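Taken from TrEMBL as is:
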type   : residues : note
REPEAT : 52-86    : repeat 'PPR'
REPEAT : 153-187  : repeat 'PPR'
REPEAT : 254-284  : repeat 'PPR'
REPEAT : 285-319  : repeat 'PPR'
REPEAT : 355-385  : repeat 'PPR'
REPEAT : 386-420  : repeat 'PPR'
REPEAT : 421-456  : repeat 'PPR'
DOMAIN : 601-693  : domain 'DYW'
Amino acid sequence: MNHLKQIHSRTIKTGVICNPIIQNKILSFCCSREFGDMCFARQLFDTIPEPSVFIWNIMFKGYSRIACPKLSVSLYLEMLERNVKPDCYTYPFMFKGFTRSVALQFGRELHCHVVKYGLGSNVFAHNALINMYALCGLIDMARGIFDMSCKSDVVTWNAMMSGYNRIKKYDEARKLFDMMEEKRILPSSVTLVSVLSASSKLKDLECGKRVQKYITNGEVEVNLKVENALIDMYAACGEMNVALGIFKNMKKRDVISWTAIVTGFVNTGQVDAARNYFHKMPERDHVSWTAMIDGYLRFNCYKEALMLFREMQTSKIKPDEFTMVSILTACAQLGALELGEWIRTYIDKNKVKNDTFVGNALIDMYFKCGNVDKALSIFNGMPQRDKFTWTAMVIGLAINGCGEEALDMFSQMLKASVTPDGVTYVGVLSACTHTGMVDKGKRFFASMTARHGIEPNVAHYGCMVDLLGKAGHLKEAHEIIKNMPMKPNSIVWGALLGACRIHKNAEMAEIAIEQILELEPHNGAVYVLQCNIYAACNKWDKLRELRQVMMDRGIKKTPGCSLIEMNGIVHEFVAGDQSHPQTKEIYGRLNEMTSDLRIAGYSPNTSEVFLDIAEEDKENAVYRHSEKLAIAFGLINSGPGVTIRIVKNLRMCIDCHHVAKLVSKVYDREVIVRDRTRFHHFRHGSCSCKEYW
């Protein structure tokens, strides 16, 4: 630009600036080049007494390049005021820089102008209109223009396919490709990329192979984008050997090529292979880092995902909103509130796009860390909410024991004219379950179909079995299972089994267990739960028989595991853990804690210990449970009044529940435990579950 300004000065001095060719060259430089200065272009433009339509079009092109569509529209109005008639290039240059909001605001009116100025049948204008309507989601309008066009230009087909892909109507894009072949219109490389993208999303290997024939037969010249799209398609369809073959034969690869291979291995469950290729990448962008992080999330490797995010920061790669959603998901699963709070601050500080997806992830993270107030704060501050926002609120309130509040949120959702789906109703029924609202639950279950046309699925029937079972209506719960329109799964039978544990009904428990083991013969948790029921009912002979069956079949109890975050690091404990660096301090504090709690009235509850051993050994077994170790660790490493947050992989036992209540009273600490089924908020010696769990 500095050189151009010197040349511009020279043209003024010599008087050749009045030459239209010189003006066009200088303006084109400013408007077309990446480092061109549009402010300078506008200053020069304003000195031209009667700009030709060519010069106006150059300016539209420049404003599109720097993404200033409103300036483009303003200039267009000025052009009309000066009685300059637009030509077939005016609208394509203008529309190219439009955002969705600008397209919605001005698109229809400009479409009228296209017709008014006699460009209604112009192929360039048609293509621009198709792109513009597709951008703002008015795909039917785009299709209407497409259907009226002559369809002889491949760019027209590409515009329509791209529009369908943009709104995730991949099947429609594939159908257009079929029509192209019928009409014998030769596709371009852009067409192939669009069709391969649709085939990837649809996992349509047959269509993808048809596309590759155009390359194999030499009808379409292959380029890097096409090769990347081929890798992505084969990887998405699980054909990793073919994808790798294309990848290895490429003359040139970019970060997209490598990321497609990493994503392909992740999608086929080969996370180690994905990590291997990820490490070999010559360069990585935020998309490749996010792909690998998502791979760890998919296989529940949440701590590894967080470690990788720290590496990403060390590499000075700026994450985007998709990375933030992934990391917030990992924080949610680990109960890592401190890190989740840091991520929220990072989003604000670094101006990461804070859209509805990020807002929903923050809500989910806060709820899964047991911080209901912060989740409500995020919800109340969101400028836009979608169905998933409301559903996250209903489910989050339900699992945190705020049943009435969850139902009130559902009522607000309906008042906001947001239509619930099946997942929303799972949250509604869970809210009724966790608070024992049987009659309300029945009414909501009945209204699903009557009011919203949602047919109950197996998850909804499982919720009803859980609701009735926990309330003691075991026979009615069993009747629901017998009359289900689909085959009950292990989760439905598991809900009945859990109710049998609460109400000590060994006979019905045996019915449930028989059905679960038929579906999942090696489900160790079921055997353990049956042992607990026999122990609670004092059926020791049956307990011994069952333990022998477990030994004969090699069934092992899933070890209890508890996670607690401290200073941004997640610590993991298993029952009887001796591996932590602070083990000596932890057990010392556990002894002190037990002594303090005994003074407050604690007596070990060993009713769920099914080992055939002395009572003293049973007490020692519950004494070493993972959540007790995590609580002791929390007391050591946090100051007075700091909330202790724990995530456990199994259901809390009765003894640990009692200990947590007493800890909250004796040490004046809030203790929040998220177990396999719900949250327990312990405050001042009582629990939010009100013993209904």
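Here the Cβ of each residue, glycine as well, is placed from N, Cα and C on the backbone.
Note that this is a predicted model, so its numbers are computed, not measured.
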Intrachain neighbours beyond the repeat 'PPR' (386-420), with Cβ under 8 angstroms and 6 or more residues off its ends: 356, 359-360, 363-364, 366-368, 370, 372, 375-376, 379, 426-428, 430-435, 437, 440, 452, 454, 678-681, 688-690
DSSP-derived helix, strand and coil totals, residue by residue, for the repeat 'PPR' (421-456): 29 helix, 0 strand, 7 coil
Mean predicted confidence [pLDDT] for the repeat 'PPR' (386-420): 93
Chain residues outside the repeat 'PPR' (421-456) and at least six past its termini with a C-beta under 8 angstroms from it: 387, 390-391, 394-395, 397-399, 401-404, 406-407, 410, 413, 463-464, 466-468, 470-471, 473, 678, 689, 692-693
DSSP-derived helix, strand and coil totals, residue by residue, for the repeat 'PPR' (153-187): 26 helix, 0 strand, 9 coil
Within the repeat 'PPR' (386-420), residues counted as helix, strand or coil by DSSP: 26 helix, 0 strand, 9 coil
The repeat 'PPR' (254-284), counted residue by residue under DSSP: helix, strand, coil: 23 helix, 0 strand, 8 coil
